[in-house]
């Protein structure tokens, strides 16, 4: 009686070793522990040691490799028919560089946001609006900052924090933040474009045996 091996692949899989096993690129499930353990360590590819980048792979190739080696195992694939194998260099992970990038992005974001808010206030005439409010509801003008300016400034800050759903590492709800949603959409668009470009070029379908199709950037996702 044949055993059933379930093989599930995700859209983008990250690895750090040139030797790629089936367990590295897919989640396996089987009622027979021996079959499961044997296929977890089954080698499916050997990438160049310095060939870091994205490789477009076909799930049908994985199914064929298993069925050729396992005569009494039926393979059922679940998930993406084509997926991306991102081969990264673990030595390139530098904490100081990551912190410097984070600080630089934070400074640029702060300056850009402040400039956008100021230009928006100039366009709509916030100063004139506040002056009109003063003349309508207050008996006399208040020199310097008043409760209106202070409360408005605090409201902008709180609104931004509540909109992005987190402050520092703390999140107010379990829902993903708008930035996380946009980043996920951006990553999905990149993966889809890479796979479609590979399909149009007609290369990389047998990525585990031929020269894998690489993205033009030649490096993995950071």
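The backbone N, Cα and C atoms fix where each Cβ goes, and this holds for glycine too.
TrEMBL lists transmembrane segment at one of the ranges 141-164, 165-188, 189-212, namely 141-164. Within the set 82-101, 102-121, the record from TrEMBL flags 102-121 under the feature transmembrane segment. Helix first, then strand, then coil: DSSP counts for the domain 'Stage V sporulation protein AA' (3-89) stand at 23 helix, 41 strand, 23 coil.
When averaged over the domain 'Stage V sporulation protein AA' (3-89), pLDDT in the model lands at 90.
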